[in-house]
Amino acid sequence: MSEVRIRPRQVLVLIIVFLVILMMVHRNGKRTCQGPDYLQTMYAQADTLPTIYAVTPTYTRPAQKAELTRLSHLFMLLPHLHWIIVEDANATSPLVTGLLERAGLEKRSTQLNIKTPPEFKLQGKDPNWIKPRGVEQRNLALTWLRNNVDTDRHSIVFFMDDDNSYSTELFAEMSKIERGRVGVWPVGLVGGLMVERPYLSEDQKQVIGFNAAWRPERPFPIDMAAFAISMDLFIRNPQALFSYEVQRGYQESEILRHLTTREKLQPLANACRDVLVWHTRTEKTKLTAEEALLKQGKRSDGGMEV
Ligand code: UDP
Ligand code: MN
């Protein structure tokens, strides 16, 4: 008899446990963030944060999909990023289109293409003038931005090369860039140093110098990954573009000289003490065995996209 009385209670407990599990599953199904505070804050504020337009020039080579896959995961984590991916090619590629689709980024990306004129890829006599990388591609993205971005809303432009390593935290910092300003921060593993960084005034509000060892005389001796720009500056300064007519290492100075001065730079990343981006470079892929296969009319990746 007592067993009969307990059973309904057990059923009730089971139902409650089931409901609790159902609620947990439902909650996890939503886009909630289990990550650190800065990421949770970004999710909570996603609708009010300025859109960050990340401009990535990219070109076909064996490691391209690996590099772009790494980057695509940043976009999957960060809801307020828009990816402008510009292929150095005569047409957009199915590899990039497929990658954007698989990452669910169709609505938060723009796929463009423009080929670097071959004469610029030839090695000139002066080693300082050889092969500017990504110039044509970044300029095309700037044209697209000037024509397509709603400038009533604050937004930010970041030149994001495809082979560097970026922390999600960098994008939280970038979101703090004020209208009309250029944000700056340190970059790891660049210019022959462990870190290239801006020096700040005592109150930590102004950039007063840089520690660059390579060509410190440049107007802005920093890497492309060291700054991001409030979009309204590109509207106010339509002449701001990248150029082939500058020496190696001067692209950053070339674009920034139209947009800002050292004094107006906005220091970020914990008063430029945190390294949140690294100028890593991927080793050239060795394919000696593949080349031997090709000579026999075979290949390891037949029908596969690598
Ligand atoms: N890039 C390009 N075409 C090229 C070489 C490079 O579009 O012929 C892109 C590359 O994918 C990267 C950016 O330009 O996003 C900078 O190139 P790289 O990383 O080789 O330059 P570095 O590391 O020397 O600054
Ligand atoms: Mn690089």
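Positions of Cβ are set from backbone N, Cα and C atoms, glycine also.
DSSP assigns PRO57 (UDP-alpha-D-glucuronate binding site) to a strand in the three-state reduction. For PRO57, THR58, TYR59, ASP88, ARG133, ARG138, ASP161, ASP162, ASP163, HIS279, THR280, ARG281, the entry in TrEMBL reads UDP-alpha-D-glucuronate binding site.
According to its DSSP assignment, ASP163 (UDP-alpha-D-glucuronate binding site) is coil. Packing around ASP163 (UDP-alpha-D-glucuronate binding site) is summarised by its Cβ count: 17 other Cβ atoms lie within 10 angstroms of its Cβ, all protein chains included. Look at TrEMBL and you will find ASP163 tagged as Mn(2+) binding site.
Taken from TrEMBL, the feature site 'Interaction with galactose moiety of substrate glycoprotein' applies to GLU196. GLU196 (site 'Interaction with galactose moiety of substrate glycoprotein') counts 24 other C-beta atoms within 10 Å of its own C-beta, drawing on all protein chains shown. GLU196 (site 'Interaction with galactose moiety of substrate glycoprotein') falls within a strand segment according to DSSP.
Same-chain residues at least 6 positions away in sequence with a Cβ under 8 Å from that of GLU252 (active site, proton donor/acceptor) are, in sequence order, ARG218, PHE220, ILE222, ASP223, MET224, ALA226, PHE227. As annotated by TrEMBL, active site, proton donor/acceptor applies to GLU252.
Taken over all pairs of the listed UDP-alpha-D-glucuronate-binding residues (PRO57, THR58, TYR59, ASP88, ARG133, ARG138, ASP161, ASP162, ASP163, HIS279, THR280, ARG281), the Cα spread reaches a maximum of 20 Å, rounded to the nearest whole number. Counting only same-chain residues six or more apart in sequence, the Cβ atoms lying under 8 angstroms from the Cβ of ARG133 (UDP-alpha-D-glucuronate binding site) belong to PRO57. The candidate set comprises the binding-site residues TYR59, ASP161, THR280. Of these, ASP161 has the most other Cβ atoms within 10 Å. Under DSSP, ARG133 (UDP-alpha-D-glucuronate binding site) is assigned to coil, being neither helix nor strand in the three-state scheme. Listed in sequence order, the recorded positions among PRO57, TYR59, ARG133, ASP161, ASP163, GLU196 whose CB lies under 6 angstroms from an atom of ligand 1 come out as PRO57, TYR59, ARG133, ASP161, ASP163.
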